[in-house]
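Visitor: The structure under discussion is supplied below as structure tokens; questions concerning it will follow.
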Amino acid sequence: MRIEFTKMHGLGNDFVVLDARLRPLPAMDAAFAAAVADRHTGIGCDQLILLEPSDAADFRMRIFNADGSEVEACGNATRAVGLLHGRAARIETLGGLLTSTPSETGISVEMGKPRFDWNAIPLGYAMDTHAMPVAWEELVNPIAVNVGNPHVIFFVSDPYAIDMARIGPMIETDQIFPERVNVNVAAITARDAMILRVWERGAGLTRACGTGACASAIGAMKRGLVDRRVTVSLPGGPLVIEWREDDEIVMSGPATEAFRGSFDPADFGIIA
Ligand SMILES: N[C@H](CCC[C@H](N)C(=O)O)C(=O)O
């Protein structure tokens with residue numbers, strides 16, 4: 001059996017998109033997702049995205065990290081599937097109902113409302129998430145925000161001076177984060193501008209992270225470091241994040257279709 005896919009990315013955060021809305025696909029599990037995502041023996045991607053029919057929205061988007069873990073939200077992929085859809089779309093995700101709308105800069109997505117309580121991040125025990133009294137080497141005193149998925153944000157002088165490949169997994173898997181966490185290091189450059197790098201839960205260092213840009217912008221706004229509309233410059237490029245007065249987070253930026261293809265799961269050792 002051959003399965004068709006669309007290879008896409010948002011600022012270099014890349015995806016393999018499978019569409020099960022027209023015909024069912026083999027049951028998706030962690031092994032299947034990890035095999036497709038493998039950059040040496042599979043197609044290769046940061047996340048595998050599965051589109052399914054939905055009773056609550058235009059369609060359902062399931063998100064699997066490269067390690068096979070299924071998660072609640074993916075900002076860059078939401079713009080990508082919004083591009084595929086070609087017009088405004090309501091999208092059901094594990095993190096809630098999202099709305100994507102084509103805009104002059106690509107796609108705008110209403111990403112939901114941020115949550116700050118320790119048990120909404122979640123953390124393993126009660127703690128002030130606005131200024132967590134914790135440190136990992138030179139990364140200290142972060143803020144934690146849930147934007148559908150969990151993020152911890154450290155404000156530093158130079159994100160590119162941080163050895164994310166070494167310290168990222170240490171924080172990602174720390175027991176204080178029972179569902180693991182996405183690790184963000186950010187620097188403020190103006191009241192409307194930030195620089196950001198992200199070590200992603202289940203995917204590692206990516207060129208861009210949409211939910212990381214949302215969480216880091218909200219964290220900076222909560223601390224009074226930036227205004228309620230900010231450009232977040234990631235290694236792959238910029239995203240614009242606005243925290244509306246109604247508490248909704250709006251992320252705007254590009255999405256790209258790279259190529260289409262098909263594969264036989266048996267070729268990746270997947271018994272479909
Ligand atoms: N690694 C994330 C999911 C993908 C998020 C990222 N690719 C984005 O654009 O938001 C997590 O485990 O919560």
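Heads up, residue numbers simply count up from 1 along the chain you see.
Using the three backbone atoms N, Cα and C, a Cβ is placed for every residue, glycine included.
Keep in mind it's a predicted model, so treat the numbers as computed, not measured.
The following feature annotations were taken from TrEMBL:
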ACT_SITE  Cys74  active site
ACT_SITE  Cys74  active site, proton donor
ACT_SITE  Cys209  active site, proton acceptor
BINDING   Asn13, Gln47, Asn65, Gly75, Asn76, Asn149, Asn182, Glu200, Arg201, Gly210, Thr211  substrate binding site
Visitor: What is the total of other Cβ atoms whose distance to the Cβ of the residue listed as 'active site' is within 10 Å?
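Guide: A 10 Å sphere around the Cβ of the residue listed as 'active site' contains 30 other Cβ atoms.
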Visitor: Enumerate the residues of the same chain, Asn13, Gln47, Asn65, Gly75, Asn76, Asn149, Asn182, Glu200, Arg201, Gly210, Thr211 excluded, that satisfy the criterion Cβ within 8 A of the mean position of the Cβ atoms of the recorded substrate site; list them in sequence order.
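Guide: Near the substrate site, the remaining chain residues are Asp46, Ile63, Val71, Ala73, Cys74, Ala77, Val198, Ala203, Thr206, Cys209, Gly212.
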Visitor: Across all the protein chains here, work out how many other Cβ atoms are within 10 Å of the Cβ of Asn65 (substrate binding site).
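Guide: The answer is 23.
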Visitor: Looking only at Asn13, Gln47, Asn65, Gly75, Asn76, Asn149, Asn182, Glu200, Arg201, Gly210, Thr211, the residues listed as binding substrate, what is the longest Cα to Cα distance in Å?
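Guide: Across Asn13, Gln47, Asn65, Gly75, Asn76, Asn149, Asn182, Glu200, Arg201, Gly210, Thr211, the widest Cα separation comes out at 16 Å.
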Visitor: Rounded to the nearest angstrom, how far is the Cα of the residue listed as 'active site, proton acceptor' from the Cα of Arg201 (substrate binding site)?
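Guide: Per the Cα atoms, Arg201 (substrate binding site) and the residue listed as 'active site, proton acceptor' stand 11 Å apart.
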Visitor: When neighbour density is defined as the number of other C-beta atoms within 10 angstroms of a residue's C-beta, which of the binding-site residues Asn13, Asn76, Thr211 has the lowest density?
Guide: Asn13
Visitor: For Asn76 (substrate binding site), name the DSSP secondary structure in the helix/strand/coil scheme.
Guide: helix
Visitor: Taking just the CA atoms, what is the gap between Asn13 (substrate binding site) and the residue listed as 'active site' in Å?
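Guide: Taking the Cα atoms only, Asn13 (substrate binding site) lies 10 Å from the residue listed as 'active site'.
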Visitor: Between the Cα atoms of Asn76 (substrate binding site) and the residue listed as 'active site, proton acceptor', find the distance and write it as a whole number of Å.
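Guide: Cα to Cα, Asn76 (substrate binding site) and the residue listed as 'active site, proton acceptor' are separated by 7 Å.
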